[in-house]
Structure formats: C-alpha cells, structure tokens
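What TrEMBL says about this protein:
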DOMAIN    61-284  domain 'OBG-type G'
DOMAIN    284-332  domain 'TGS'
Amino acid sequence: MTLTLKRLRPPHHTAQKNKATEYHLGLLKAKLARYRAQLLEPTTKSGGAGTGFDVQKSGDARVALIGFPSVGKSTLLSKCTHTQSESAAYEFTTLTAIPGVIEHQGARIQLLDLPGIVEGASEGRGRGRQVVATAKTADLILIMLDATKSEEQRRLLEIELDAVGIRLNKKRPDVVFKRKTTGGINKTVPLTKTDEKTIRTILASYKLHNCDVMIREDITTDEFIDVLIGTRKYIPCLYVYNKIDAISLERMDQLAREDHTVVISCELGLNLDYLIERIWEELDLVKVYTKKRGAHPDLADPICLRKGATVENVCNGIHRSLAANFRYALVW
C-alpha cells in the first residue's frame with residue numbers, strides 16, 4: 001500500500017482572519033500605550049506634584065542603580081564611592097535616592113542608589129514611580145541582581161522598566177515622523193514584522209490622518225508606537241550579578257559570558273575594578289583637553305562629554321556664559 005502525503009494550504013479566509021487579528025492587535029497596543037502614557041505623565045497638575053527624589057544631576061554622567069531590596073546596592077555604592085546609604089532595618093532597603101561619585105580617568109560619574117523596586121512599581125506600588133522617573137534621567141542603568149536567585153528577578157525588573165517607557169540596550173528606531181496637511185507613508189525597506197495597513201490603523205487611532213512617515217528600518221508594531229508616543233528613553237544597561245561567592249564556578253562562568261553582564265561580590269570586593277571599567281566603556285565618554293595660546297594642553301583636568309558633542313557643549317562644560325560670546329575654536 002502506498003501513501004501519498006499532500007501539503008495542505010491554509011484556506012484563503014484563514015489568512016484574512018490572521019491579518020484582521022494583526023490589525024486589531026496593533027490598534028489595542030496603540031490604545032494601551034496611549035492610556036499608559038496618560039497615566040504615568042498626566043497633563044494636568046490637579047493631583048499635586050507628589051514627592052520625588054530631588055537629586056541634582058552632577059558630574060559628567062549619571063548612573064542609576066536599580067534592583068529589588070537587599071541585593072547589595074547600598075554596599076556597592078559605599079565600596080565604589082565611599083558613600084554611606086541609610087537603610088530601613090524592617091525592609092533592608094534604601095529609603096531615598098543616595099548619590100555618590102566615582103572618579104575615573106579624570107571623569108566624575110554620579111552613581112545614584114535608588115530605593116528597591118517592588119513588583120508593580122510601574123503602577124505606583126512602593127516608591128516605584130519616583131524610582132523609574134529618576135532612572136529616565138540616567139545615562140546608564142545598572143540592574144543589580146542576586147546571583148543566588150532565579151532569572152525571574154531580571155525578567156520582572158525588565159517588565160517594570162519597559163512599562164514606563166525605558167528601553168534597555170536598544171536603539172531608537174530609524175523612523176522620521178512629521179505632521180502635514182497632506183502626506184502619506186514612505187518606506188525605503190520592506191516591512192516583514194508589520195505592514196502598511198496596520199501602521200495606517202495606528203495613525204488613525206491617534207487621529208493622525210495627514211502626516212509624512214519615513215520608515216528606514218524593518219520595525220515592529222511596538223517600535224512604531226514608541227516613535228509615535230515620542231517619550232521613550234533608550235538607555236544602555238549593565239546587568240550586575242552580586243554574591244558570586246555563593247554560587248558554583250560553572251554558574252558564575254555562564255553568567256559572565258552573557259551580553260551586557262558583569263559578575264561581582266560586594267562583600268568580598270571581587271571584580272569591582274572591572275565593573276568601573278565597564279561603566280566607563282558603556283558611557284562612551286570623550287575627553288577634551290583645553291589649551292591656552294602658546295601653552296601646553298592641561299592634561300590633568302579634561303572636560304568629559306558624551307560622544308557626538310559639539311564645541312558649544314564644551315563651552316557649556318566650562319561655563320554657561322561662555323557660549324554667548326564665543327567666536328571660534330581650534331580642534332585637534
């Protein structure tokens with residue numbers, strides 16, 4: 001007896017149904033993102049300003065320490081910056097944002113120990129909203145994790161930060177969006193993760209019927225919604241696993257080989273120098289040395305700037321009033 005197997009093609013109406021589901025899902029995602037943005041960033045001030053962390057941004061860059069309570073953030077702050085962090089004995093967690101300063105290669109890097117996050121922080125539980133609002137001002141986020149616990153802790157923290165619009169280790173999508181009286185959708189790459197109809201549906205849900213959208217990258221529906229909302233923060237992140245002295249060498253080796261990951265022990269002071277080096281690399285700072293006419297450059301006191309900075313940024317780094325009367329600069 002011979003059996004012949006034929007590949008069955010899905011009926012045409014099934015494919016149509018899947019497409020309809022995609023459009024509907026895109027619309028729901030857009031609505032959810034808009035309502036969440038309104039909830040986290042209300043346009044009216046009737047509810048009061050609330051209490052935040054009034055920590056002035058200082059130094060050449062800001063690094064935010066985020067993690068669940070009792071993962072060793074306060075110990076790391078005191079070891080790296082010699083700053084003591086006041087803790088609540090009943091919760092074993094920092095009470096408010098404690099700043100410290102790391103001095104490395106002529107740069108002053110502000111390290112901010114934020115209160116421990118609890119699950120549901122993005123919805124306002126604990127001091128979650130203040131924590132994530134301060135994290136949005138950081139140039140780099142350090143997520144402190146307990147090496148003795150499961151990977152669930154990392155997933156939960158990523159969910160909380162993603163919910164408030166912080167995109168970790170991601171680049172801003174290459175999409176140019178401009179409101180117009182008339183317009184359309186122009187794309188220079190084929191879209192495989194979404195389609196034009198879904199994008200039009202999302203635009204319509206935001207009451208954007210006339211606009212010019214230039215898509216130069218194969219983006220997903222979620223990435224397009226992020227561009228529309230415009231308040232998303234794309235911040236580099238390092239995952240710092242503490243308490244490696246309490247796990248096996250095999251497990252430590254496995255963690256150390258993961259992307260954007262550093263393994264340390266705050267208690268024993270293991271690998272802290274390497275962590276500071278990685279912070280320096282991730283911040284991608286540029287050192288600029290000033291020089292008076294006819295004199296040698298001052299190599300002892302550099303001005304540290306983010307990559308892509310301009311001469312105006314250098315002027316502002318020296319003094320705010322300098323840029324107004326500045327004429328020219330010679331750059332080597």
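Positions of Cβ are set from backbone N, Cα and C atoms, glycine also.
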Taken over the domain 'OBG-type G' (61-284), the model's mean pLDDT: 85
Secondary structure composition of the domain 'TGS' (284-332) [DSSP: H/G/I, E/B, coil]: 11 helix, 8 strand, 30 coil
